[in-house]
Amino acid sequence: MQFIDLAEIHVKAGKGGDGIIAFRREKYVPAGGPSGGNGGNGGSVILKAVSNLQTLLDFRYAHVFKAENGQRGGPNNRTGACGADLVIEVPCGTMVWDAETGELLGDLTTPGQTLLVAKGGKGGLGNKHFLSNHQRAPDYALPGLEGEERHLRLELKLLAEVGIIGLPNAGKSTLISVLSAARPKIADYPFTTLVPNLGVVRQPNGDGTVFADIPGLIAGAHTGLGLGHEFLRHIERTRLLLHLIDATAEDVVAAYQTIRDELVAYGHGLGDRPQIVALNKIDALDASQITTLQETLAAYVGQRVFAISAVARQGLEPLLEAVWQELGVSVSH
């Protein structure tokens, strides 16, 4: 399935139904009064967050959404039927902006959360409404009002607690596939992963924590180079970053700093986000090489550096324990 995380749509609420002019025409009532009913209200347009969608793909070709109009009033004081609301489902994590003013209208983060984006027009008043002591036979009614109309920009930011970051080919997709049930495309060349992958990793108590593998980060990603600029927004909501570094890289310190520079340059607090640093692919090195790399990198970053092999499933338990500790999850031994 194609991953689409930006979309623009046009929404229009329904017009209110017109009020009508009518008079009672009954046998034995020679001077029947006004009986024109009010129009029904137009339907509104509502966005609703759902958990079964992961992308804005549905909006790639469908751009215009319109709710039903209200029905006109009827004789005998009958009010017209209201137009049905139009409920548009979006993925959890969708931010909704007014595309013309730039105003943030809402941030739909919870399943079932709704946002009214265009209110239906009010139904017009029938001539019955204008009956008074001074006007016994009003011969006028009001039309229904137009519904609200808006041009919206939808921006999806994935709801993951842990973002796995690193240069292309650091082993991010392999790690998320090993830790969770996610099955991303994996191959030994850069930019295999062209979309963020989500995986649910089980905590010791059985609860799930969402990890996201963020692709395409290279030097200059924040300016649009590589694929990273497209996906950096998806780690804005994370509580923790898991920085994965290829232990077989020519310079692990430079690899670390490249990503670090991109986070700081992108802004939005990513440079200050708590992070865990891990060297991956240690199965390709001997013990002394691993120790040297760990010590060198730990001295540079000023914190512990974990050594793992996602492929060989080495060192994953202490890494996960550190993740749970950082997230405040109880770990029983």
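Keep in mind that glycine also has a Cβ here, set from the backbone N, Cα and C atoms.
Predicted, not measured: the structure shown is a model, and the values here were computed from it.
Here is what Swiss-Prot says about this protein:
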BINDING   166-173, 191-195, 213-216, 280-283, 309-311  GTP binding site
BINDING   Ser173, Thr193  Mg(2+) binding site
DOMAIN    1-159  domain 'Obg'
DOMAIN    160-328  domain 'OBG-type G'
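All features noted in Swiss-Prot, drawn onto the structure.
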| residue | record | DSSP class |
| --- | --- | --- |
| Gly166 | GTP binding site | coil |
| Lys172 | GTP binding site | helix |
| Pro215 | GTP binding site | coil |
| Lys281 | GTP binding site | coil |
| Ser309 | GTP binding site | strand |
Taking every residue in the domain 'Obg' (1-159), the average pLDDT works out to 91
Rounded Cα distance in angstrom between Ser173 (Mg(2+) binding site) and Pro215 (GTP binding site) is 9
Excluding its own, the Cβ atoms lying within 10 Å of the Cβ of Pro215 (GTP binding site) add up to 27
Looking at the binding-site residues Lys172, Lys281, the one with the fewest other Cβ atoms inside 10 Å is Lys281
